[in-house]
Amino acid sequence: MTSALSKQTLLFTTFSLALTRFSYCSVANANVNSSIPAIANYFGTKGRYEEVNPYLINDILSVNKSLLKPGCTDCTAIHVTAIIRHGTRYPTTKNIKRMQRLYDLVLNDSMNTDKWLTEIKTKWEMWYTDDMDGKLVEKGRDDHRHLAVRLATLFPSLMSEENLRSHRIRFITSSKHRCVDSIVAFQEGLLNLWKVTEVGPSHKINDELMRFFDQCKKFIDDVENNKTALEEVHLFKASAEMKIVQMKMADQLQVPYNLITPDLVEAAFFLCSYEFAIKSLNSPWCNLFDETDAQVLEYKNDLKQYWKRGYGHDINRKSSCILFHDLFNRLDKAAHEIRFGHVSEAVTIQVGHAETLLPLLALMGFFKDETPLTADNFDMQHGRTFRTSRIVPYAANLVFVLYDCSEGLRLQFLLNETPLKFPDINHQAPLYNTVRETYRELLHGCNFEKECEPSRPNRNFEL
């Protein structure tokens, strides 16, 4: 059985939903005037960065330097590596087509005449077009311009105009247009901060680092192209929890239950999230869901990321070995150079995808829940640490800060500008040698070419 709910419970819930349809709609309408959707904290990888750091809503350039204290005296930051997800983007063509199907259904089949739904039918227009296909939006450019200013404020001695001019700040990006546009916007943020009008610094495209998953044959064979790799996601889409969300949405729209598929439910959820992320609008589409629905849909999306990019399959993590070694090679180089008084590379900015950040986090042991995420344990996972809404919103960032301190080199990790302790190390900025010892097995192994060799077919035939 793929759900804690029995068929009897599901039937009873269906009956109850029919009785409470109109009261539910009234509750939904009560939230329409809020500028932030009540479900904004559940948008997963489609969420705004501001929901992770709400203080930015009032001051987008706000920083808290006190968070950077490494827990000891006489420390100077000597190197920063920041691995950043691209900024807010348009939906992909695949999701735009789903949205269009939903919009057509609402226009042609919905019998509901409530004010919020009438607004969709008469005022809202399907403005998403296929050619948008995941491109960066202006809000996404601002995400990176503002992040650049905040990081420069946190690390003024490293992210400085002088270091930029002397090529001590390096920029690396995925080849995808949303990533290239993001890193250009990041550079614009720095140039605007320093009031520099000349052409910004160059960047290098490196898909081996920033899109390692495309280069990993074992991942492609065992996960990307394996129909059974995401079985838990498919099971949850057919679960009682999802059926309830479908039925509630059908009741809201007053259409037959069989017209509302899991894909259309997700399309409506995405419409709510994209309208908010791109335009800062609390769209009438958001009225189709309450918090309970949003938790179910967030879990569905987290299941997908868990089994495709996280702990679900070992190769998900191991595919990021090349980025892991690149990170520690940079840190080792800075650790070596500081002994001679000068670090050649002060800052490295790398822009990729949620699919870049999540495998690396999993490889390093972050956000590993004691109980794996599965289709049948949704009720047990409300307190899970693996929540993409909190980990990888648009412009999510992993920042590694190497300090030269009186008692030795120390390393601090920031996730989305907030310090986070390394797994199994009880110090905000442990000695760098302690971190290296913690990851000793990975540092001496985790060979990308070896880990990504395709699985060999079984050649043990019975005679």
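Including glycine, each Cβ sits where the backbone N, Cα and C put it.
In TrEMBL this protein carries:
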SIGNAL    1-25  signal peptide
DISULFID  Cys75-Cys405  disulfide bond
DISULFID  Cys272-Cys286  disulfide bond
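Features recorded in TrEMBL, as mapped to the structure shown.
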residue : record         : CB count, 10 Å
Cys75   : disulfide bond : 20
Cys272  : disulfide bond : 26
Cys286  : disulfide bond : 27
Cys405  : disulfide bond : 17
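Distance between Cα atoms for Cys405 (disulfide bond) and Cys272 (disulfide bond): 47 Å, as a whole number.
Put simply, Cys272 (disulfide bond) is 45 Å from Cys75 (disulfide bond) when counted between their Cα atoms.
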